[in-house]
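Enquirer: Encoded as structure tokens, here's the structure I'll be asking about.
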Amino acid sequence: MFFLGSWLPALPGLAWGWVLLDTLLQGLVGACAVSVLYSLVKVYLYIQCLNDPERQAEKEAIGAQRRALEPLHVAVLTGVLALVGPRVAALVVLEFSLRAVSTVLSLGKGVHSTHLHLLCQFSLGCGVSCGLTFLLEGAPHATCNLALAAGLAGLLATYARRLARHVCTLYELHIRGRYCGVCILLLTAGHGIPRLLRNALAVAFAVGDLAAVALINRDFLSAAEAVRFWTPLTICYTLLVIYMQEEPAQGAGGRARYRTVLVRMGGLFILLLTVGRWADVLHVLVSLLGELWCLLRAGAMLEASRRQ
């Protein structure tokens, strides 16, 4: 690993050796965080659909997802988060934070928090990656710390997936028999899952936002250079937030979700063409793939949360 960088070709935004290992571990931790979020939202939506006789088709769609896709999703998301550079990951985190604040302020208009939780999957992965990059920068044992964090995150993701699998296959049977402690706990306290996720995501994005601002500002040599970057970025994000306000009015269906992702990433792409680097432009395209991958996987759950 020490000598990989001496003979492997140099690629924009990608380093070899221990740095590559650290980047992969950061991506794995972010992917596991997304997996935990996905599994808990799946448990909540499945129980909600099960309790509503008119939503049995949605329940079947949520429970019919294949188990083999779960490790594949984590592997693909790990690779995408590893390829996305810290600057673009920081911009993705800041953009979603502004959009989340705007959406929370409009909750009285009928926007449900579970839908927002599903939309933030890729942004959550970027936020975790940014936070780890900032907190472990210059640490003497960063690789060991990341390996430990990846192990703990993988353990949490595994248990969350097992919980979702248990609920989708045995919850209805166990509730009738009243002999499964896990299912009885979900029956009595399952309604608190959105609140738990909301608090956890608030902490994760608060850390991610602070790390994102620090990671972006470290590349500026003067205040004037920082102003030249932050001014068009602020204008771009303001226009994006205004556009997002129209999403609930449009129904937020499947096509609207993908159109929104294209608009967001397109605005970031144009912005970085003017004030960014060529490596950042490539990373925006990788981020677009990550966003679309998360939306495709959560399609049935997004539809169920929108109807709720």
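Placed from the backbone N, Cα and C atoms, the Cβ positions cover glycine too.
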Enquirer: Given 227-244, 281-298, which one carries TrEMBL's transmembrane segment label?
Expert: 227-244
Enquirer: From the ranges 29-47, 143-161, pick the one that TrEMBL records as transmembrane segment.
Expert: 143-161
Enquirer: Counting Cβ pairs closer than 8 Å, which of 68-94, 143-161, 173-189, 196-215, 227-244 has the most of them with the transmembrane segment (114-136)?
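Expert: Highest pair count goes to 196-215.
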Enquirer: Taking residues 6+ outside the transmembrane segment (227-244), which of them lie with a CB under 8 Å of any CB in it?
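Expert: Same-chain contacts beyond the flanks: 91, 94-95, 98-99, 102-103, 216, 220, 260, 263-264, 267-268, 270-271, 274-275.
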Enquirer: For the transmembrane segment (256-275), could you work out the same-chain residues 6 or more beyond its ends whose Cβ comes under 8 Å from its Cβ atoms?
Expert: 88, 91-92, 95, 119, 228-229, 232-233, 236, 239-240, 243-244, 247, 250, 281, 284-285, 287-288, 291-292, 295, 302
